[in-house]
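To start, the structure under review is shown below, and the notes come after it.
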Amino acid sequence: MILRHVHLKGVPQFSACQRVQELYARKLLDWKLLGSGDRPDPTVFTMEMKPVYTTGRRDVRGGLDTAQKRVLIESGAEVVSTLRGGQTTFHGPGQLTSYPVLDTGVFGLTARCYIRMLENVVIRTLERYGIKGMVTENPGVWVTDDEKICAIGVHMRRRVTSYGIGLNVTTDLKWFDHIIACGLPDKSVTSI
């Protein structure tokens, strides 16, 4: 088994990225159910998307009311509800988004261990750029107790992962002015 990397070229719409990861997750889930043929390799998808606000499963009643959605759409972004954990966040130009699709059972990872592994990968990546990342009691990777640099939100079904991380590299942080990022009103976001 090898870990594959697929970079989605250009700046795709969120819906295209979502379809690709769902297709691969479905292949892996089908293999687990039927057990025939070759096991699909774990695959990490990376991309830089067109502007989109996504809501997660922790958002109460969808997270955004009609007026809020209208403001976000008028800002030039899509608004999409997802199955990932967490609350409302932004993905867009200048952000490295990575969606690993893999079976955590093969690697002996619990959901908590998988999240911690993603956080540690981001922290090690930041170190290469001279930035000290850390974890706090809140999900994601932070550079101070109040500044988040990377959002993490995953979905797991029968131990198969989808969604993942959004690392702010050169992201225009004004996109976050329209939301309470990840449901944390007293925190802010930053970028590399």
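A Cβ is built for glycine as well, from the same backbone N, Cα and C atoms used for every other residue.
Note that TrEMBL annotation is computational and uncurated.
Record features (TrEMBL):
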DOMAIN    38-192  domain 'BPL/LPL catalytic'
BINDING   Arg84, Gly85, Gly86, Gln87, Thr88, Thr89, Phe90, His91, Ala151, Ile152, Gly153, Gly164, Ile165, Gly166  substrate binding site
SITE      Lys148  site 'Lowers pKa of active site Cys'
ACT_SITE  Cys182  active site, acyl-thioester intermediate
### Query
Using DSSP and three states only, what is the residue listed as 'active site, acyl-thioester intermediate'?
helix
### Summary
The most crowded of the recorded positions Arg84, Gly86, Phe90, Gly153, Cys182, judged by neighbouring Cβ atoms within 10 Å of its own Cβ, is Phe90
## Note on the structure
Rounding to whole Å, the Cα atoms of Arg84 (substrate binding site) and Cys182 (active site, acyl-thioester intermediate) are apart by 12
### Query
Of all the recorded positions given, namely Thr88, Phe90, Lys148, Gly153, Ile165, which is spatially nearest to Cys182 (active site, acyl-thioester intermediate) at the Cα level?
Thr88
### Query
For substrate, with binders Arg84, Gly85, Gly86, Gln87, Thr88, Thr89, Phe90, His91, Ala151, Ile152, Gly153, Gly164, Ile165, Gly166, what's the maximum Cα separation in whole Å?
15
### Task
Between the Cα atoms of Lys148 (site 'Lowers pKa of active site Cys') and Thr88 (substrate binding site), find the distance and write it as a whole number of Å.
14
### Query
Quick one: what's DSSP say for Thr88 (substrate binding site), helix, strand or coil?
coil
### Query
How does the model score the domain 'BPL/LPL catalytic' (38-192) in terms of mean pLDDT?
93
